[in-house]
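Enquirer: Next up is a structure, given as structure tokens.
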């Protein structure tokens, strides 16, 4: 089986050197996802050849950096008569009783135009069909002539677009396991980041089990990259926070998470922190509290969901398969029912100094898992 893979449009806009690096990363991610086959670059597309006709090429729809892909039949000929005869052989049964259109595309120098190909192939297929409609066909027939090769297909399967996972470096994700953090992780992967997962386990075995189920769903989108997970025992942090006024505990917990993520960035050479926060969704995510929460953190903090409402986030969670696990997870971060919407920075910093949390020790005592 031969497949034409079309990289995301923005990859083509990169400089030649960057484009080459992005495409090679994409090729590696495709190979890791499919598990084998011959793969190479060719004039702006990627060609994948697999021996097994039952290969799971549908998995390409979950490889970031792919705009679309098509299983194709290829012939080594750019002779117009050969092209028309092959089109008739392949597509006569497919257009039978249906309204169709032929779309042709050429790269290279030929003695005919793309319109010539469309007309001749259309004439050959017309007797088998219900008619031609170039605007609203039931079936589209595609013919691509690339120099001396010609490719025939009738399916264009959408990819997720974005950038290949790995081109943007690593980010530490504060992963609670609720609806938001898996979606934020997915969105950063779509921009080429490899996520390093930091989870504060505040709910015991059930929490851990559901988080791992969510991450197994996200693993499908990773382009074969391993997901490294640091699971912190959250009860120890809770004990520390019991010394803080109840209304300030949510923001203090977030501060502990951010500072631990900062330490993990240092250890893993990650260059950013990612969270699933959305502006004003809850009291700890007001602009004032986000300012307090991230104060003094030296790494950039990415919040891909900052402008999304809950309905939009849920739609993505359903699409990527994490929602069914997320809804089973209680909101463990809601440790105070009377949280302030605007914490006092100086008070928070004094509490932080008094608690004297050992972030290095938190990571040393964490459980590390690779998926």
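Yeah, the Cβs are placed from backbone N, Cα and C, and that goes for glycine too.
Here the structure is a predicted model, which means the values were calculated and not measured.
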Enquirer: Which of these, 166, 192, 276, does Swiss-Prot list as part of the ATP site with 174, 175, 199, 200, 254, 285?
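Expert: ATP site check in Swiss-Prot: besides 174, 175, 199, 200, 254, 285, the record includes 276 out of 166, 192, 276.
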Enquirer: Calculate the per-residue pLDDT averaged over the domain 'THUMP' (54-156) and state the result as an integer.
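Expert: Mean pLDDT across the domain 'THUMP' (54-156) comes out at 97.
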Enquirer: Per DSSP, residue 285 (ATP binding site) is which: helix, strand or coil?
Expert: helix
Enquirer: Using DSSP with the three-state reduction, classify residue 254 (ATP binding site) as helix, strand or coil.
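Expert: Where residue 254 (ATP binding site) sits, the three-state DSSP reduction gives helix.
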Enquirer: Could you state, as a whole number of Å, the largest distance between Cα atoms of any two of 174, 175, 199, 200, 254, 276, 285, the listed ATP binders?
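Expert: In whole numbers, the farthest two Cα atoms are 19 Å apart.
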Enquirer: Does residue 200 (ATP binding site) have same-chain partners at least 6 apart in sequence with Cβ under 8 Å from its own Cβ, and which are they?
Expert: 176, 232, 234, 237, 257, 260
